[in-house]
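Below: the structure, in structure tokens.
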Amino acid sequence: MKIIDGKTLAENLRKNIANEVKQYSRPPGLAVLLVGDDQASQVYVRNKSRACVEVGFYSDQIHKSANITQEELLSEVQRLNENNNIDGILVQLPLPSHIDANEIIEAIIPEKDVDGFSSENVGKLSLNKPFISPCTPKGVIKMLDSIKCDLRGKDCVIIGASNIVGRPMAMEFLNAGATVQVCHKETKDIKQKTKSADIIVAAAGVANLVNSEWVKEGAVIIDVGINRLEDGSMTGDVDFDDVKDTVSAISPVPGGVGPMTIAVLLENTLTAYQAKL
Ligand code: NAD
């Protein structure tokens, strides 16, 4: 059984990015916009900004109060769209409930949409003409590549159908020649579907949802889930100990998809920068 070591893969990707950045006179710039005081979001934003600085990017962290209006946030995005030192703009989700997150995401020009969430970038991925694609699914593909998992003709089951993970993941798999099923809260008998899958991506946000009864011998599992348990520890959507003797490869939590997501965000920022050059 192989452990798909996202931490080391991400370190290598970051090293390559750092080397590439050295050749440019102006550093790529990423602006991370945080609204409100959500603790988890603050940690994510800090980690993203730190990762930027480590590879030699310029990082701009903008923190706005939770009672910012839609118009004020839109004009902040507009200011960043027009700033020549900023190549990528990331709005940390979730946004407060009075804000229309969709409108904010669509206000970021696609050339700077390094999360790849805008309809233009999602559309390009769906047409198999990707420009900047959502970080987590793109990171998952890199993780599967790292174990030389040929996706052509494989049966893939994704648990979770969100705009940021499940849906773009389905497009990535389709583009790679796999056959895809996407399960969600309304799906009947998910176990019966995962049981015949070559590759399972678990992204429901439900601790230990997937156990050995859901998995066929030799399957590959990528665990995207991040769940905090009562004792403060972190776990994925997969019962790692229960499935480890059944699978051929699995990504751990922590140390799997999480670090890859941040490394791909840096890669997307570099792509945006290079496209502008
Ligand atoms: P979300 O809440 O937006 O979507 C969850 C999806 O899972 C929905 O489609 C829902 O229908 C489905 N779902 C929920 N419960 C289910 C169940 N019992 N059975 C089947 N489907 C179910 O969440 P999200 O933003 O897509 O994130 C999913 C998980 O992945 C979370 O734990 C999140 O923290 C994690 N995540 C990790 C990374 C990373 O970098 N590692 C990135 C993004 C999200």
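Any Cβ shown, glycine's included, is placed from N, Cα and C.
As recorded in TrEMBL, the features of this protein are as follows:
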- G160, A161, S162, I226: NADP(+) binding site (BINDING)
- 4-115: domain 'Tetrahydrofolate dehydrogenase/cyclohydrolase catalytic' (DOMAIN)
- 134-275: domain 'Tetrahydrofolate dehydrogenase/cyclohydrolase NAD(P)-binding' (DOMAIN)
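All chains included, 18 other C-beta atoms sit within 10 angstroms of the C-beta of A161 (NADP(+) binding site).
Averaged over the domain 'Tetrahydrofolate dehydrogenase/cyclohydrolase NAD(P)-binding' (134-275), the predicted model reaches a pLDDT of 98. The DSSP breakdown of the domain 'Tetrahydrofolate dehydrogenase/cyclohydrolase NAD(P)-binding' (134-275) into helical (H, G, I), extended (E, B) and coil residues amounts to 53 helix, 26 strand, 63 coil. Every protein chain considered, the tally of other Cβ atoms within 10 Å of the Cβ of I226 (NADP(+) binding site) stands at 18.
Using a 10 Å radius centred on the Cβ of S162 (NADP(+) binding site) and all shown protein chains, the other Cβ atoms total 16. Long-range C-beta contacts of G160 (NADP(+) binding site), restricted to its own chain and to partners at least six residues apart, with a cutoff below 8 Å, comprise G166, V182, C183, H184, V201, A202, A203, A204, G205, V224.
Site extent for NADP(+): among the recorded binding residues G160, A161, S162, I226, the largest C-alpha separation is 16 Å.
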